[in-house]
Amino acid sequence: MLGAEETALVRGVWQKVESAKDEMGEETLTRMFLVYPKTKTYFPHFDLHHGSEQIRNHGKKVVTALGNAIQNLDNLRQTLADLSNLHAYNLRVDPVNFKLLAQCFQVVLAVHLGQEYTPEVHVAFDKFLTAVAAVLAEKYR
């Protein structure tokens, strides 16, 4: 999955943005709902307006899960097992949505990092988010 340098890069970047992670979670979901409006179908009970408490709270859950995954890169399957089960069996989320969310998170990360969002950071986070999406989608097979 990630080499030692990429792992260090992902963890280092996460430490830099951790203080803004809740805001980033909200921005990621808001962006996903705007760019990929079909993703809204999984949230029929949410107020999907920009700045809603429900988007803010769910965004916190998303970035908290990403933070846990970063802390447990060597054990992603176990770390994300409950989320994988929830999304596959209870919520029945189409796994393509994990990739859409990852794309939106990359954009938000780039906005927050500015020039520190280097090609190396992009590649490292792309590998990380691809691995997370793959683990979340495993239950669908």
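Please read every residue number as a count from 1 along the shown chain.
Glycine residues also receive a Cβ, built from the backbone N, Cα and C atoms like all the rest.
As recorded in Swiss-Prot:
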- 1-141: domain 'Globin' (DOMAIN)
- His58, His87: heme b binding site (BINDING)
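In this view, His58 (heme b binding site) is surrounded by 16 other Cβ atoms within 10 Å of its Cβ, with every protein chain counted. DSSP places the residues of the domain 'Globin' (1-141) in helix, strand and coil in these numbers: 117 helix, 0 strand, 24 coil.
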